[in-house]
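Here the structure comes first, spelled out in structure tokens, and everything after it is commentary.
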Ligand SMILES: [Zn+2]
């Protein structure tokens, strides 16, 4: 083992010659603590290869995941919030909007777009949690409504990806009106028999759960997503009882009949395309061919 023995003693590398590992190369799973490279994490569509933990991602990533070659036409991209109530908390609402826009490079908490997923036309509205907690204000409600109108006009299926803390406090009553507005638009979409799929991701809560997120022809979710109306602490204090284990997880919600299925992010695009292709197929052919039916009638 002489080759293994350190012959020269006291080797010290000067600080300036030490090689630094570049920051931000690694990703540590918050659930099982597995460390993988950022590139691998991205390749895994931001899910953990060991425990399947789904990291929160935003519209940028979902559009990349869903749309073929990341090609899409964004709708109403420049809608931005005004300040109907002259609301001030720790800072005036318009200042908060401008600061958040600068930080996130987004105009508001939802982006809407039309593109193709595995060749199937699809309109997607995807919420951004990093914009004031994905809160639903007038702009969010209006953009979703306009995207539904677009779906209805062009007869293209609509996918809503929800990720929200609920209504936006700074717009109070105006936020709550968005629940009724979006629900009414979805009713019109349903009348036209255009499919609506609602994907609930971590977390989907408050007024969003209480309106469009639960109104899909299919309500689906990612594994482990938090889905609920009020938070567990509030419910516990109200009913004065301990809550069951796994309460408000996607799996619990599925078991209690509020979801149709849970889909892994890696299978999302294919499952959606399959589902939409199936829904788009012409109405079921009659069990008996018309010619045969005539012969039988004779
Ligand atoms: Zn993990």
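Cβ coordinates are placed from backbone N, Cα and C, and glycine is handled just like the others.
Cβ neighbour count for residue 32 (Zn(2+) binding site) (all protein chains, 10 Å cutoff from its Cβ): 12. The Zn(2+) binding site annotation in TrEMBL covers 29, 32, 48, 51.
TrEMBL lists 25-294 with the feature domain 'CoA carboxyltransferase N-terminal'.
TrEMBL lists 29-51 with the feature zinc finger. With a cut-off of 8 Å between Cβ atoms, the residues of this chain six or more beyond the zinc finger (29-51) that come close are 57, 61, 65, 264-266.
Summary: among the binding-site residues (29, 51), the fewest other C-beta atoms within 10 A of the C-beta are counted at 51. Neighbour density for residue 48 (Zn(2+) binding site): within 10 A of its CB lie 20 other CB atoms from the protein chains shown. DSSP assigns residue 48 (Zn(2+) binding site) to coil, not to a helix or a strand.
Residues 30, 31, 33, 34, 49, 50, 52, 53 surround the recorded Zn(2+) site, their Cβ atoms falling within 8 Å of the Cβ centroid of 29, 32, 48, 51, which are themselves excluded.
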